[in-house]
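**Student:** Swiss-Prot feature annotations, pasted as is:
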TRANSMEM  7-27  transmembrane segment
TRANSMEM  39-59  transmembrane segment
TRANSMEM  61-81  transmembrane segment
TRANSMEM  105-125  transmembrane segment
TRANSMEM  137-157  transmembrane segment
TRANSMEM  175-195  transmembrane segment
Amino acid sequence: MLILLNLSLLFYVLFDSPGSIPVFVALLKNFSRKKQQRVILRECLFALGALILFVTFGRSFFQFLDISLYAFQIIGGFLLFTVSIKMMLAPMPEKAKDDTSKTEPIFFPLAFPVITGPAVITALLSYMEEGIYSREIIFTAMIIAWAFSLFTLLCSSFFDRLSGNFGLLALERLFGIALLLMSVNLMLKGISIAFNIGFYIG
């Protein structure tokens, strides 16, 4: 039970739904609240479908392209590093709200890469490859984290009114620090295993 809770929390942090709230608020601000809820639900379902495909066929896909998991870990960690830096240096949310968008987003950029990014995919494939936890536990933890992320995003308009711009900015930067640490850990893990250096522990 503790393992499931820890994995669920890890995946929830990797989904970074609180940090994604400013993006959703900016892209969906011109729609009614009911329309926003429908779009968020649809995009989260798209993201879940993509994750299930990666969990089911991810290893075969990378083997077909002759891509090692360690390379994906290193590159995924680097991409996550750049994302975390942008999150920590994020401008005030109202700057992102200046751009008026009347086009309804479909899959990109909300489902991917905002909800389902390289961090989540890399973590899922890594845990599947390592075999430390069963596929059932990993899959269940992913579903739990996804459900909490969906709930968080559905409440985005409420969080926007409650915390305001400064609260959203502080939350985004806090998750940026957490993702930065995870990105370094992910790169160290990939480098350590790929080159058999042995400095990574955990």
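Each position is counted from 1, following the chain as shown.
Each residue, glycine too, has its Cβ placed from N, Cα and C.
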**Student:** What stretch in 39-59, 105-125, 137-157 has the biggest tally of Cβ pairs under 8 Å against the transmembrane segment (175-195)?
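**Tutor:** Of the candidates 39-59, 105-125, 137-157, 105-125 scores highest.
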**Student:** How about long-range neighbours of the transmembrane segment (137-157): same chain, 6 or more residues beyond its ends, C-beta under 8 Å?
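**Tutor:** Beyond its ends, the transmembrane segment (137-157) has Cβ neighbours at 3-4, 7-12, 14-15, 17-18, 20-21, 24-25, 33, 36-37, 40-41, 44, 47-48, 51, 55, 115, 124, 127-128.
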**Student:** Which residues of the chain, 6 or more past the ends of the transmembrane segment (39-59), have a CB below 8 A from one of its CBs?
**Tutor:** 24, 28, 31, 69, 104-105, 107, 110-112, 115-116, 120-121, 124-125, 128-129, 135, 138-139, 142-143, 146, 149-150, 153-154, 156
